[in-house]
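Heads up, the thing below is written out as structure tokens.
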């Protein structure tokens, strides 16, 4: 069990390091810009290219040719959710069979559990099986919705992302699925009935997840409709100021909703899963960095941009 604790601590530390990296990037960016929405010029072009994407890359100025060669279309975001739907769907099927049919997990998953010391547990503790299964289901449904929105709702401009950002995004959903999997005790015996396993925090987490997901979809639809006619035809790829729903309070409510979705999963896990809270902290700083860059873009390019709007968290930040 001490080995299990050490490995799970290492997993939490890895997410914490990622969170610290994005927090550092946010602080460096803000210091370099002197708090001004123009982005400043003190930070190297490579750093700017790695933290910015899409419309916010305009704050980098004219980038060297070698940097422009290392970019891919922003619309390739769709690939992230294709990978997530396939990979986390695969993990979900195996957990479903283990949870409800009593089948053994694949040998490679059992190797992961042994590495984490999870198979040393003699029984399920604190509904971990069902909680992890539910979180993986929510993560998969989230990826399915985002994939559908990328394909049929969102209207992508000609914006780009760095190839490093693209590769990181592909690996992210694989890593987050494995993080959920590592919370599951390998033993599938001595389980309580499903009706007993459903706890109040499962209900609260799922309700919060649905609420945040609905708002995220509405905000993404608002952004897409800025580029469409009333008939639904795409008429422009330019950027406009969005209004409605949570846009009245923040510039990037879809990023705020993403944070709430991950918090809802932490609640579903029963509040006490420190590894997942490290994932939440990573999402907080990752989305905060993107939101600040978008907020600065709006302030710089639209002189009448609503002054009461915050960048990320309503009335706070």
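Each residue, glycine too, has its Cβ placed from N, Cα and C.
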Original post:
Which is it, of 99-117, 118-136, 137-155, 194-212, that TrEMBL names as transmembrane segment?
Top reply: 194-212
Original post:
TrEMBL lists transmembrane segment for one of the ranges 45-67, 160-182; which is that range?
Top reply: 160-182
